[in-house]
Amino acid sequence: MSPTAAPQKLSKVEDLKARSQYLLEPILSQLQEESTHFNEDGIQILKFHGSYQQDNRDNRVKGQEKDFQFMLRLRSPGGYIPPQLYLTLDQLADDYGNGTLRATTRQAFQLHGILKRDLKTVIRRIVENLGSTISACGDVNRNVMAPPAPFRDRPEYEWARTYANNIADLLTPESGAYYELWLDGEKVLSGEPDPAVLAARRNPKGRVADSVEPLYSDRYLPRKFKIAVTVPGDNSIDLFTQDIGLVVIGNDRGELEGFNVYVGGGMGRTHNKEETFARLADPLGFVPAADIYAAVQAIVATQRDYGDRSNRRHARMKYLIHDWGIAKFKEAVESVFGKAIAPVRELPPFRYRDYLGWHEQGDGKWFLGLPITSGRIKDDGNWQLRSALREIVSRWQLPLLLTGSQDVLIYDVQPGDRAAIDKLLRDRGVHTVEAIDSLQRYAMACPALPTCGLAITESERALPGLLVRIRRLLEEQGLPDEHFVVRMTGCPNGCARPYMAELAFVGSAPNTYQLWLGGSPDQTRLARPFIDRLADGDVETQLRPLFVFFKQSRQAGESFGDFCDRVGFDALRQFSESYQHEAAKPRYRVGLRADVHGRLKAEADKRGVSLTDLACEAIAAYLR
């Protein structure tokens, strides 16, 4: 028997959604106004169309209007970006944006710096060139993730990409408001949905009869909703942070049998609100491939009907599952689904993959994974990343795949073109994975200041300098090649998934962060807060004893996050509190003539001592 939804006092946003005429107003009216920005109601509805209103805090002047601008986020299931779309986005960044593109942690692109008067033009150009911003934000299903690796000889990767795309189509809002607002009612489509998706939309289970939005209803979902599809063992998409995580499972004949389903993950939390927290997804069960669309709709419908619509801080599906327990949630889903859900199948351990460097696709072609610091694609001095990507995509007409770690894969590369692409990247000063610090490889940051309205402090702009400081500390301890997962955010909302990191900095005040420790290198375990308020100037003081303890007490091959989790926070605090840092002793340099150096070295070799020790002994004897 399914539970009964208790009456709720709805939040203001819930009432606004119901009055929006299925996401049309007040955007339609306010687009016709001469103002540079939308009001609060407009801001909320605009999110469903893939845009956030922002202002550049670096440009604020007392007594003057804020520097209003807009971020546009694309929907690109599995991170797929065709050449035509990429070149369009690159041009739009110059014509209407701030001259950069940003790859997100959910395999999509963002354009920043768009003015209100240009929104319609930019969105239309995106849609006309095989892209879309619909449902990239808002209380709906967001961009669906999948492993970015374009393997052609491993069917499980093809299944993951196909189902990610189809589920994105299945859960796209059906209201025509998007096309009415941005394309004057013209429904521009890049292709019809898969027939199985169309059939699933006709399934009445979990859908609202006679509604413009039969799955979402007029209030849409209580909060954002995130889905990823992956293959056994591949955690390139942070499976356990999703509202729904699907794992494709095949048989020995190379056929897709079904999916393990995980539910209830989520990162967002609020400082000093203990009722908000990051959470890992729970296993729900195994669903045959023929039933997966119905199962996904049943899960979404359960969250639609029972998720908290009175308190947006408590509205994600993770809180519903936490409050109910997975057994009760499963029962509610089964009542909509109409079938019992079998236990999950056994899987191999999940490992993090980033697919950087050159890889064979399995069809004679290659793909190249390029590291992108915080996902920001720009030209900066001798580092001409944006120019290099533009030239590669334009010259060879190559598609891209974005990763969940804000990097870019260039794929379908002919073997004979590899050398030319490598040379082009070198000429443009673009570093491949072999040339970057391994800390940078495994680090992520959200944009934060100056444009994100939720940012408390710096993140993207602070991360490069922070990584340099961490590397110096590691070198100080004789760990010059050590690396681990570092993530940084300007607020606690978790956009860069910091609560899965081995070491995370979560903005809590200007130039101040919460320090989180103990996540796993494969992002399968939550980190925990270690220091509540860490001032930027105290980073070395607080991290140094942790790295000293790590160097002294780690097990063979043990990562920093695993070490912190194994020894426990009490031991970490005890060591840190008792640690006395000895400043490095001064080292003096003395020059020697070449003939004297040669004689000293020969004598040192003869005695079996170091050159330094022998030189000190000789000088001391002379001074006596």
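Quick reminder: no glycine exception, Cβ is built from N, Cα and C everywhere.
Take the CB of C452 ([4Fe-4S] cluster binding site) and look out to 10 A: across all protein chains shown you find 22 other CB atoms. DSSP assigns C452 ([4Fe-4S] cluster binding site) to coil in the three-state reduction, placing it in neither a helix nor a strand. The [4Fe-4S] cluster binding site annotation in Swiss-Prot covers C446, C452, C491, C495.
The siroheme binding site annotation in Swiss-Prot covers C495, and the record cites similarity to another entry as its basis. Sequence-distant contacts (6 or more apart, same chain, Cβ under 8 Å) of C495 ([4Fe-4S] cluster binding site) comprise T105, M267, C446, T489.
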Helix, strand or coil at C446 ([4Fe-4S] cluster binding site) [DSSP, three-state]: coil
Residues satisfying Cβ distance under 8 Å from C491 ([4Fe-4S] cluster binding site), sequence separation of at least 6: C446, A448, C452, L454, A455, I456, V506, G507
C-beta crowding around C446 ([4Fe-4S] cluster binding site), within 10 angstroms: 27
Other residues, Cβ within 8 Å of C446, C452, C491, C495 Cβ centroid ([4Fe-4S] cluster site): P447, A448, L454, A455, S459, T489, G490, N493, A496, G507
